[in-house]
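These features come from TrEMBL:
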type: BINDING; residues: Arg198, Arg480; note: substrate binding site
type: BINDING; residues: Glu214, Lys339, 393-402, Tyr404, 429-432, Glu455, Lys482, Glu488; note: ATP binding site
type: BINDING; residues: Glu214, Asn216, Glu397; note: Mg(2+) binding site
type: DOMAIN; residues: 292-336; note: domain 'Glutathione synthase substrate-binding'
Amino acid sequence: MSVAHSSILDPSFCATAFTAKAKTSSFFNTHWKKPVISTGKDSFFAGFSPKIEKLKCWRAAGEMEIGSAKNPIVDFHGIDDGLLKKMVYDALVWSSLHGLVVGDRNSQRSGQVPGVGMVHAPVALLPMPFPESHWKQACEVAPIFNELFDRVSLDGKFLQDSLSRTKKVDAFTSRLLDIHSKMLELNKKEDIRLGLHRSDYMLDEKTKLLLQIEFNTISSSFPGLGRLVTDLHRTLLNDYAEDLGLDSKRIPGNTAVGHFAEALAKAWTEYNNPRAVVMVVVQNEERNIDGQAVAVVYFRAGYTPNDYPSESEWRARLLMEQSSAIKCPSISYHLAGTKKIQQELAKPNVLERFLENKEDIAKLRKCFAGLWSLDDSDITRKAIENPELFVMKPQREGGGNNIYGDDVKETLLRLQKDGSEEDAAYILMQRIFPTVTPTFLMRDGICHKDHAISELGVYGTYLRNKERVIINDQSGYLMRTKISSSNEGGVAAGFAVLDSIYLT
């Protein structure tokens, strides 16, 4: 874990804030093939012929567990290889020209030499159809969730009590709680509170309900690239309007990166010290800073034990919490975003502890999927009998940590046999079976046809100074699409691609 800093008046501020490392160690841990690109004398892309892979159905139609197939927004049979190659070519050129790129983890010099070792971000070629009514629902509840988690963060007893069993078996959560306890002992209050959040949802095929996957309070990734994917898809729909017959205006505007930058800037203003800086905590390469006041600390890292390889990182985190700087997130916001707190909030009468408006409470509950602790013996028994209907989640961020299918059964049986308190490190969640839609996925210059499912993330920005709410907004979105046979959904982890929404 290291730091980068910039004055809010410095033109490099936005770039500094949003070039932090992604949530996992590898961008391209996938089975997709490398492209072969030949370059001519007259054009950078001369001679380039994008490779197209045929549509694969990873399971027989009768064996698909994920959900029922949905008609795509375009007739895929009407897109011949010639048209598809043109679209892929244009998408790759657009991505290169507009910065829709990431560091290539296969290049040793990537991230060390500016402009070297870049590759287009993994993206879907066309936007994913999504019901407008559910899109509006997700946007409507964003400010309510912002307010809810701010109030949860202020209830130290609730956080400590809810995570008390988890603390005994999860060393990382235990260290976070220790810092939180020290702040409570010091009666340290965060008068200015900044939240840059993302609430993730899937649309359940059977119930037709928009169900929440999780609420992220730390390192809510991809606000910048998500906006660029929206722009890319609008460009393609405009350029190929006659071929596709789609209206680019049906893709919602995506202003996530602007809202995040505005919230950080306004937090800096509230700190009221023009000489202070914004500090961004990132991964890898340390950089020391001295002699400058820090107005805002933004954690792009710090959500995984790997970010704290020694005691010095924990001492730094404690020092940040003890300081007068605005933390995004503060230790209480960080704890409020754990899976266990999500499960506690789904219990009867718990939302009423934090919210008064009954209509707002009903709107949030409508989004809740089934969530249970492992000390619920009836649910545990059902999960052992029907493991395909549940997901086991640990208290970890970054993708690739959840447990699915027969592994749920095996893990639960092992925990029962051991008789330890390790079960407190997990929660059980209802498995959501979203609609399956055929689509085009692009990674490493390869266009890959497949059946896919999507996850919608809605960003929220929240800034408060004591009793004055300065910002409480829905702030853009992130659409991630993956092949339907994949359990995990991280873009940086190599499971998914960036996408946008086409309202239906």
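Every residue, even glycine, has its Cβ placed from backbone N, Cα and C.
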Between the binding-site residues Arg198, Arg431, Arg480, Lys482, whose Cβ has more other Cβ atoms within 10 Å than any of the rest? Arg198
Pairwise CA distance, Lys482 (ATP binding site) versus Asn216 (Mg(2+) binding site), rounded so that it is a whole Å: 20
Among Glu214, Asn216, Pro394, Tyr404, Arg431, i.e. the binding-site residues, the one with its Cα nearest that of Arg198 (substrate binding site) is Asn216
Taking only the binding-site residues Glu214, Pro394, Tyr404, Arg431, which one has a CA atom nearest to the CA atom of Arg480 (substrate binding site)? Glu214
Going by DSSP, is Arg431 (ATP binding site) part of a helix, a strand, or coil? coil
Through the lens of DSSP with three states only, how would you label Tyr404 (ATP binding site)? coil
Counting other C-beta atoms within 10 angstroms, the emptiest spot among the binding-site residues Glu214, Asn216, Pro394, Tyr404 is Tyr404
About how far apart, in whole Å, are the alpha carbons (Cα) of Pro394 (ATP binding site) and Asn216 (Mg(2+) binding site)? 14
What's the CA-CA gap between Asn216 (Mg(2+) binding site) and Arg431 (ATP binding site) in angstrom, rounded? 19
Per DSSP, to which secondary structure element type does Lys482 (ATP binding site) belong, with helix, strand and coil as the options? strand
If H, G and I count as helix, E and B as strand, and all else as coil, what does DSSP give for Arg198 (substrate binding site)? strand
